[in-house]
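Trainee: The domain 'Major facilitator superfamily (MFS) profile' annotation in TrEMBL covers 20-479. What TrEMBL lists as transmembrane segment is 20-44, 56-74, 115-132, 144-170, 176-198, 219-235, 241-257, 291-309, 315-337, 349-370, 425-441, 461-481 (among others).
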Amino acid sequence: MTETTPEATSTRFSPEQTRILLVLLMPLFLALMSVSVVNVAVPAIERGLGATAADLQWVLSGYTLTYGVVLVAAGRAGDLWGRKPLFLAGILVYVIGSLLSGFAANALMLNASRLLMGCGAGLFNPQIIGVIQSSFTGRARGRAYGFFGTVIGLGVAVGPPAGGALLGVAGDDWGWRWLFLMNVPLGLAALVMGLLWLHPPTQTSADLVPRGLKYLDPVGMTLLAAATVCLMLPFILTDALWLLAVAAVLVIAWWAWEVRVRRTAVQTGVYPMVDPALFRRPSFSLGTLQVTVYMAAMPAAFAVVAMFAQDGLGLSPFLAGVSTLGSALMVVSLSAWIGARVDRFGPWFVFAGGVLAVVSALLLILAFARVTDGSWPFWTVALILLPQGVSQALIMTSTQVLMMDDVAPREAGAAGGVSQTIQRIGTSTGIAAVTGVYFVTAAGMRDASAREASGAAAVDALWVVLACWCVVLAVGAADLARRGVQRQR
């Protein structure tokens, strides 16, 4: 009979844990807002820098590209050599990139600076999961991941209305620049707090003593980085679809290399950057699949709402962004509560989130059809996004806790990096697919009004969103069944 310790059942944070969480979540919020806030600034950047369509595509996607490329290697480096140095270095790189972006003289400088920002975010982001795994236990860890989910929801949803408001106050000339420059004081504050409040661990890894770069698995790191670039570039450069075939070859080569390194680890003392056994753990593999497919559709659904509001109804970017705030409110108000109860109801939370997501997608399809013909007001779309926000809180918070359940603290950084890299690829794929359907449908309705074309395009695009969320629901049901069978044994 096992004894349940007070630490395992308590959801309360110590003062030190509260400080640690504040340090971790501030740069996370900035990193996620940097993805969504730029969307409303594209017209101002185009006018201010004379940017071409290709330049603007890189402004939107270049940050995500380098962010995704760096994640796994940075997570593994933090596991091996300590998370505090990598976390602080990432914040510093991010701040420098933000400063350079704010004073960019041309589109090339802006895009290079955005790539630098992505590198910084990719450096510090996996350290956040690693520190949570090592600094929190039991239900307090679940609550910490709940706040993690809260910040994710805030970063994604607050960006567009905040960006629209700043553009309205500062004007086109300086408004888009302040979207980047505001990261500088906040990032420096996080850097100082990290120096004061984050403590280096007593040991970096339980079974590795790092002696050089070979312990980072440079071959595996290079193969995975190249595969990630080849997977994401086709969604930035539409004439580079052939890179997907290259990516498939590189993924196979990376996997074969990691298996080989793991097989010879005892003899060589060198371990793979990502242990292939990680994917044989159902909690990790199923959780990663669920959150990836969910996130492939969620930002894309928000993009469809924003495009319909602006293209079809003529609303301002600010008002289009405000329509998603109800969803963010649900995420913020529920994530910490859900996180503290994942240990008891986690799989059921994910299943319920899948049900709500599917229902929300069906209601959105109906609402866009009704708003287009004028029988429903647009605010009904914002109302339907409330249960979608509940689904986001249930799924994102619960899967984050559940998929790290069987991951040792010494592997947490690499595991978090792998999961987030797959999520970034899923998000890029989902946005490209959903918005692609939107634009194709709208372009095929030249004789229709803007309202009718945008409405029909939104409905077609949301069928893709519905398909993704049906997958999330199906995987959640399968996971419930799997856990039920395990309990019976």
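These residue numbers are counts, starting from 1, taken along the chain as shown.
Cβ atoms here come from the backbone N, Cα and C positions, even for glycine.
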Trainee: Do the transmembrane segment (176-198) and the transmembrane segment (219-235) come close, with at least three CB pairs under 8 A (pairs 6 or more apart in sequence)?
Mentor: no
Trainee: For the transmembrane segment (241-257), give me same-chain residues lying six or more residues beyond its boundaries with a C-beta closer than 8 angstroms to one of its C-beta atoms, as numbers and ranges.
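Mentor: Non-local partners: 219-220, 223-224, 226-227, 230-231, 233-234, 272, 276.
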Trainee: Quick one: do the transmembrane segment (291-309) and the transmembrane segment (56-74) reach 3+ CB pairs under 8 Å, ignoring pairs fewer than 6 apart in sequence?
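Mentor: Checked: the transmembrane segment (291-309) vs the transmembrane segment (56-74), no contact.
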Trainee: Do the transmembrane segment (315-337) and the transmembrane segment (144-170) come together with 3 or more C-beta pairs under 8 Å, pairs six or more apart in sequence?
Mentor: yes
Trainee: May I ask which of the stretches 20-44, 56-74, 115-132, 425-441 has the most CB pairs under 8 A with the transmembrane segment (461-481)?
Mentor: 425-441
Trainee: How about the transmembrane segment (115-132) and the transmembrane segment (20-44): do they have 3 or more C-beta pairs under 8 A, pairs 6 or more apart in sequence?
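Mentor: Judged by the Cβ rule, the two regions touch, with the required three close pairs present.
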Trainee: What residues in the same chain, six or more past the boundaries of the transmembrane segment (144-170), come closer than 8 Å to it by Cβ-Cβ distance?
Mentor: 13, 17, 21, 25, 28-41, 44, 128, 132, 136, 176, 178-179, 182, 298-299, 302, 306, 316-322, 324-325, 327-328, 330-332, 335-340, 342, 389, 392-393, 396-397, 400-401, 404
Trainee: Which whole number is the mean pLDDT over the domain 'Major facilitator superfamily (MFS) profile' (20-479)?
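Mentor: Residues in the domain 'Major facilitator superfamily (MFS) profile' (20-479) carry a mean pLDDT of 85 in this prediction.
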